[in-house]
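Q: Feature table excerpt (Swiss-Prot):
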type	residues	note
BINDING	12-17, 69-70, 91-95, Tyr106, Lys166, His192, Arg197	NADP(+) binding site
ACT_SITE	Thr138	active site
ACT_SITE	Glu140	active site, nucleophile
ACT_SITE	Tyr162	active site, nucleophile
Amino acid sequence: MSEERKVALITGITGQDGSYLTEFLISKGYYVHGIIQKIFHHFNTIVKNIYIKIDMLKEKESLTLHYGDLTDASNLHSIVSKVNPTEIYNLGAQSHVKVSFDMSEYTGDVDGLGCLRLLDAIRSCGMEKKVKYYQASTSELYGKVQEIPQSETTPFYPRSPYAVAKQYAYWIVVNYREAYDMYACNGILFNHESPRRGPTFVTRKITRFVAGIACGRDEILYLGNINAKRDWGHARDYVEAMWLMLQQEKPEDFVIATGETHSVREFVEKSFKEIDIIIKWRGEAEKEEGYCEKTGKVYVKIDEKYYRPTEVDLLLGNPNKAKKLLQWQIKTSFGELVKEMVAKDIEYIKNGDKYN
């Protein structure tokens with residue numbers, strides 16, 4: 001007798017993680033259901049890309065999209081009941097750290113209480129013994145870091161409304177796992193990027209700018225704290241770790257990271273190097289600027305408006321537990337990530353793709 005086909009429900013399917021996870025799960029033979037907000041009725045480029053790839057796999061019938069929102073409990077209950085999933089991946093969030101200072105209540109509602117609403121939907125549908133639940137947690141929980149590198153046992157010290165909301169979600173997952181014996185786990189993912197990263201995030205902001213320079217634009221790139229250091233990986237690698245977490249005998253929380261740290265400054269330099277421009281620096285603090293070593297032309301300046309009210313200076317993850325128990329490995333290096341992002345952004349500009 002053949003094994004019953006698995007059914008996954010993904011919130012945040014229009015984001016970079018959601019799109020890569022969708023493609024990954026369908027390649028594994030899953031039926032995938034995704035929750036999208038009404039504003040995405042036109043199907044943005046990421047959703048289009050999912051459908052294109054699925055068409056190539058001749059598996060378009062494996063993806064169904066539903067209108068919904070993490071702030072609407074009755075809607076979530078209805079979707080969970082209708083879809084009857086075996087796995088739920090909660091990737092939906094207001095995930096921009098700086099925006100969370102301006103929209104703190106909304107961020108808490110979506111990122112914190114949204115997780116609770118999904119867990120309660122699972123329980124109210126009587127599926128707590130059937131559904132495996134993945135919660136997208138974040139390295140921003142560590143904030144003002146208490147130790148280097150950060151592992152599953154490192155104390156949290158959140159430094160933004162986004163991180164505080166995610167800390168609530170983290171602990172409500174732990175609480176429901178222990179109180180109701182649910183298969184629910186947190187993936188504490190360190191920064192992960194891709195050509196599908198939103199254009200307001202610093203990595204994508206950099207690669208889009210560099211691509212523009214390569215295509216003949218004449219502009220200045222304004223950044224905030226270029227000395228901030230992050231552990232950057234590729235989203236395509238990280239979604240496999242999400243899936244692996246739900247394939248274990250018992251639910252556990254895992255740090256997913258590369259174990260390497262790089263500064264925003266280094267990301268800028270590597271991005272420009274992809275178009276044969278060597279960036280040098282002069283000046284200090286907000287007066288610092290990056291210029292082309294060969295021509296002296298200034299390309300990068302500092303703008304204080306991009307500083308966070310409370311900065312997170314260094315994030316460096318320890319992925320040893322995931323490597324040992326999940327047999328998970330990084331496949332894309334930092335250099336390969338930057339190269340892919342710049343190349344794809346050049347392609348986007350040349351193709352006139354306004355949604356990217």
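Note that Cβ sites are derived from N, Cα and C of the backbone, with glycine treated the same way.
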Q: Among the binding-site residues Gly12, Gly15, Gly92, point out the residue whose Cβ has the most other Cβ atoms within 10 Å, with all shown protein chains included in the count.
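A: Result of the Cβ crowding comparison: Gly92.
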Q: Measuring Cα to Cα, how far is Thr138 (active site) from Ser95 (NADP(+) binding site) in Å?
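A: Distance between the two Cα atoms comes out at 10 Å.
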Q: Between Ser95 (NADP(+) binding site) and Tyr162 (active site, nucleophile), what C-alpha distance do you get in Å?
A: 7
Q: Quick check on the recorded positions Asp69, Glu140: which one has the highest count of other Cβ atoms within 10 Å of its Cβ?
A: Glu140
